[in-house]
Amino acid sequence: MTISNKLIFNRTYMLMLVAGIFAMIGFSTILTTITWYAVKELQSSMALGYILVSATVPRLLMMTFSGMVADKFKKTTIMYYSNIAEAAVMVILYFLIINNQLSLIPLMILAALFGMLDAFFGPACTSLIPKVVKQAQLQRANSLFQGGTQISFILGPIVAGMIMENFSIATSFYVALIFVFLSAIFVFPYFIKETEAPERSNETPIKDIIEGFRYVKSSRFLITGIIILVTANFFGLGALSVGIPILVDASGGTPINLTYLQSSLGVGMLSGTVLLSIVTLTKVRGKITLFTLLAMLLIFLAFTQVTDLIWQIVLLFLIGFSYTIVYIPFITMAQEFSDEKVTGRVMSLIFLAMTGFDPISYVVISGLNTMDISIFNVLAISAIASIVVWLLILMNSKVYRTID
């Protein structure tokens, strides 16, 4: 029996996987719906930037707290209640839109609440995986989990695009609500017999959070890996998150065009996870992630120079594929090398670093676009800046490049 097959019969892991799939379908459906609502109904690229900032800034603030919570309490309980609370927020969102009361301010407030609650799911889930699988299974477990969620990331925009094309934006929000609620069911604590968290210190939350920061700061490996992820997300995926809807609208596209582009990114990520679920990297993982980042950034630069939809789809596929080869090996190494007592805090800080600069990216991209600068030129500036940052990383990553 292969390692992958053994994972399939791991009850706790499979329940987490299914919950993650439903959560991601719900998240990507609502994200696609909100971005299209902002661009088409609110008719403002700046409104899109404001909404994305509202969703990310409170999420970032809560992320520093969520890792400490994940180290102190049962992770499945955290995931369950965060999903239930997210579903409640989406109920409010749905009723506002069907009553034509969803203006920019309420949408920003609800996006902020959704982001804060979502901050708890990722660190809790990622730090639980090393507890329920063997170390030899860890890369495949991460790959299968990411593969499952990336399938969902693909399905979400497809679902949202088809529903908005044939029904309404309100219906798309309602379907997203159902998926988030299904996610909560699969991590219902009664279904998963998780052991108690190993750490129950009497330290204050602030001291626990500071301990996590100090642990990460003391590791040159973690610092370099985090900077790599910051570069990939801030200059690459962050810019594309706000840039793609603006690009589609500027090109006179429809929700289906938006679906094609966002889905191609997800298909690329899925293909990368499939590869990593088959091939286990054991040598020079640090060097692989670093130089794959360079490939991703060069492809991003090429994307900014094409206007043909087919080429855009192909290049976004390659960006998604290469991003996965950057992300999963580093997360796996971080799980392997981190002390179990602080894994939740390490994961939360990694997630924080990955998305911490996204609000700035959203504001800069949407802001430059309102200054009559072509969205293609704005994205090209981001791509060129990212390559310069990569060169700086290369010059200061001797230790990271030698890590297996």
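From the backbone N, Cα and C atoms, a Cβ is placed for every residue, glycine too.
As annotated by TrEMBL, domain 'Major facilitator superfamily (MFS) profile' applies to 12-398.
Marked as transmembrane segment by TrEMBL: 12-39 (among others). Long-range contacts of the transmembrane segment (12-39) within the same chain: residues 45, 47-48, 51-52, 76, 79, 83, 86, 90, 102, 107, 111, 114, 118, 121, 125, 128-129, 132-133, 141, 144-145, 148-153, 155-157, 159-161, 164, 169, 172-173, 175-180, 182-184, 186-187, 191-194, 245-246, 249, 255, 258-259, 262, 266, each at least 6 residues beyond the stretch ends and with a Cβ under 8 Å from a Cβ of the stretch.
Taken from TrEMBL, the feature transmembrane segment covers 45-66 (among others). When Cβ-Cβ distances below 8 Å are used as the criterion, the transmembrane segment (45-66) is approached by residues 34-35, 38-39, 78, 104, 107-109, 111-116, 118-120, 123-124, 205, 209, 241-242, 245-246, 249, 344, 348-349, 351-352, 355-356, 358-359, 362-363, 365-367, 369-370 of the same chain, each at least six residues removed from its ends.
Beyond its flanks by at least six residues, the transmembrane segment (78-98) meets 16, 19, 23, 26, 30, 66, 69-70, 106-107, 110, 113-114, 117-118, 120-121, 124-125, 169-170, 173-174, 176-177, 180-181, 183-184, 187-189 of its own chain at Cβ-Cβ distances under 8 Å. Sequence annotations record features per position, and here TrEMBL assigns transmembrane segment to 78-98 (among others).
According to TrEMBL, the feature transmembrane segment maps to 104-129 (among others). Remote same-chain residues near the transmembrane segment (104-129) are listed as 13, 16, 19-20, 23, 27, 30, 34, 37-38, 42, 47, 50-52, 54-63, 65-67, 69-71, 75-76, 78-79, 82-83, 85-86, 89-90, 92-93, 96, 138, 141-142, 145, 194, 331, 335, 343-344, 346-348, 351 (criterion: CB distance under 8 Å, separation of at least six residues from the stretch ends).
Listed by sequence, the residues of this chain that lie at least six past the ends of the transmembrane segment (141-163) yet keep a Cβ under 8 A from its Cβ atoms are 4, 7, 13, 16-18, 20-33, 36, 125, 129, 133, 171-172, 175-176, 255-256, 258-259, 262-263, 266-267, 269-270, 273-274, 276-277, 320, 324, 327-328, 331-332, 335. Annotation source TrEMBL lists transmembrane segment at 141-163 (among others).
Look at TrEMBL and you will find 169-192 (among others) tagged as transmembrane segment.
Within its own chain, the transmembrane segment (221-248) has Cβ neighbours under 8 Å at 35-36, 38-39, 45, 48-49, 52, 254, 257-258, 261-262, 265, 286, 289-290, 293, 296-297, 300, 316, 319, 323, 326-327, 330, 333-334, 337-338, 346, 349-350, 353-358, 360-362, 365-366, 369, 375-376, 378-379, 382-383, 385-386, 389-390, 393, 396-397, 399-400, 403, counting only residues six or more beyond its boundaries. Marked as transmembrane segment by TrEMBL: 221-248 (among others).
What TrEMBL lists as transmembrane segment is 260-281 (among others). A Cβ distance under 8 Å defines the sequence-distant neighbours of the transmembrane segment (260-281), meaning residues of its chain 6+ beyond its ends; these are 4, 28, 32, 139-140, 142-144, 146-147, 150-151, 153-154, 157-158, 240, 244, 247-248, 288, 309, 312-314, 316-325, 328-329.
Among the features that TrEMBL reports, transmembrane segment is placed at 288-304 (among others).
The transmembrane segment annotation in TrEMBL covers 310-334 (among others).
The transmembrane segment feature in TrEMBL is assigned to 346-368 (among others).
Residues or ranges marked as transmembrane segment by TrEMBL: 374-394 (among others).
A contact links the transmembrane segment (374-394) to the transmembrane segment (288-304), because at least 3 Cβ pairs that are 6 or more residues apart lie under 8 A. Between the transmembrane segment (288-304) and the transmembrane segment (169-192) there are fewer than 3 Cβ pairs closer than 8 Å, counting only pairs 6 or more residues apart in sequence, which means the two stretches are not in contact. Remote same-chain partners of the transmembrane segment (169-192), defined as residues 6 or more beyond its termini with a Cβ less than 8 Å from a stretch Cβ, comprise 11-12, 15-16, 18-23, 25-27, 29-30, 32-33, 36-37, 41, 74, 76-77, 79-80, 83-84, 86-87, 90-91, 93-94, 97-98, 156, 159-160, 163. Here the transmembrane segment (310-334) has long-range neighbours at 126, 138-139, 142-143, 146, 150, 221-222, 225, 228-229, 232, 236-237, 240, 260-261, 264-273, 275-276, 281, 285-286, 288-289, 292-293, 295-296, 299-300, 302-303, 346-347, 350, 403, meaning same-chain residues at least 6 beyond its ends whose C-beta is under 8 angstroms from one of its own. Across the residues of the domain 'Major facilitator superfamily (MFS) profile' (12-398), the predicted structure has a mean pLDDT of 82.
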